[in-house]
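Here's the structure, in C-alpha cells; my notes come after.
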Amino acid sequence: MPTALDRMLTIDDLKRRAKRRVPKMFFDYADSGSWTEGTYRDNEADFQKIRLRQRVAVNMEGRTLRTQMMGEEVAMPVALAPTGLTGMQIADGEIKAAKAAEKFGVPFTLSTMSICSIEDIAEHTTRPFWFQLYVMRDREFIYRLIDRAKAAKCSALVLTMDLQVLGQRHKDLRNGLSAPPKFTPKHVWQMATRPLWAFGMLGTQRRTFRNIHGHVSGAADLGSLSAWTASQFDPTLSWSDVRWIKERFGGPVIVKGVLDPEDAKLAIANGADAIIVSNHGGRQLDGAPSSIRVLPEILDAVNGAVDVYLDGGIRSGQDVLKAVALGAKGAFIGRAFLYGLGAGGEAGVTRALEIIQREMDITMALMGERDIHNVGPHNIYSNDLLRRQGY
Ligand code: GLV
C-alpha cells in the first residue's frame, strides 16, 4: 500500500502537505523572504530560465550521481542546508532530518539557531555532520560553541557571513514569531488546529534553542527572534575573523553567503576551504540577484582555488543539475527538505531526497550523461543571462 508520502511526486506536493500540518507561524518562517520577497522568488524563477540540452542514442546504463563534497562520499551532490528553528516544523526536527540525511548518504548541516543541540544530533547519528556558525557578540560563548562542534566531531564548519543584522521579514513580524512560541490566543489557535504537531511537541523537551539556552547568561527568554538577533549577533564580524575561527575549529571552513566576486576572493585569502554562493534564501538583502545568476562570475573569480557550492531556489533535481552544469560542486537544500520534514518527519525528508535524486537521475539520462562528473556547460543552452556571464 503506497503511503501518502509515496504519492508525493514533487517538492511542491510536500510543501502543500507541510502547510496543512505545521502551525502557520513556523510554516511562514520557512516560506518567507525579506521585504518584497523579490530575491526569494528570483532564486526559483532564474533556474526556470536555463534550458537543458537533450541528447539521444547514448548508452544510458550504469548511471551514477555519487561524488564527494568536502572530501566526503555523497550519494548525490546535495547537502542539507542549515535552517533555523527546524525543530519547530515538527518535534525533534533536526534529529529527524539528520537521520534521514545520514541514511541517504548526504551531509546534514546543523544551524546555530536550531532547536536540537549539537549534542542531541551527535547522540542520534553515527557519521559526522556539519555545523553552521553564527558569530555573536559574546565571544566566550562562540569559543565554547566551536569547541562543542569539535567535540561532537563535526567534520566541517559552515560560517555564515551574511547575517550580521537580520533582514526584515514581514511574515515573521506579523506572526510575532518566537521560540518557544508565545501563548497568545492566535498562537494557541494555530497550534491547536495542528493536533499531530502539537501532540509531537508535548512529547519532547526540545522546544527552545538548545545550542544557546543554558549556555549563555541572560538568554533564558529568547523573546521575539528579530529583537534577540539584533541584540546578540555581532555586527562587527569581518574577514579577519575567519582565521581564528578556522584555527579554533581545526577543520575545514565553508564560507556561506558570498554573492560578489570580490568577497569570494577575500574569503579565500582569509582561509575559506570552500564557498557557498548564497543570498540566504532571499531572506537578507532583498533586491540582490539570485544565487544561480551570480554563480558564473563567482566561479570565474575563484578560478578553481576552492570548491564552490550554491544554495537558494533548489526545488528539483533539475535545479541541482543546472547548478552543477554551470560549475558548482553541489547544492544545499533548505526549504526543499523543510517541507518534507513538515509533511512527514524523517520519512518526509527521505522522500524529498528521493524526489530530487530521481529527477537528477532521469534528467541526466535524457541529457545523455551517465556520470555526474561529466555534467558541464555543454549540457545547457546559454541564454542571455548566461551569455553575459561568459557561457
Ligand atoms: C536564519 O538563518 C534565518 O534566515 O532565519
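Glycine too: its Cβ is placed from the backbone N, Cα and C atoms.
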Out of S178, S238, S240, S278, which one does TrEMBL list together with P82, T83, G84, S111, T160, K256, D311, G312, G313, I314, R315, G334, R335 for FMN?
S278
Which one is it: of the recorded positions Y29, Y134, R169, H280, R283, whose Cα lies the shortest distance from the Cα of G334 (FMN binding site)?
H280
Distance from T160 (FMN binding site) back to Y134 (glyoxylate binding site), taken between C-alpha atoms, in Å:
6
Which binding-site residues sit within 10 Å of Y29 (glyoxylate binding site) - Cα, from P82, G84, S278:
G84
Neighbour count, 10 Å Cβ-Cβ cut-off, for P82 (FMN binding site): what number do you get?
26
Cβ-Cβ distance under 8 Å to G84 (FMN binding site), same chain, at least six residues away:
Y29, S111, M113, S114
With the Cβ atom as the reference point and anything under 6 Å counting, tell me which of the binding-site residues (G84, Y134, R283) are near ligand 1.
G84, R283
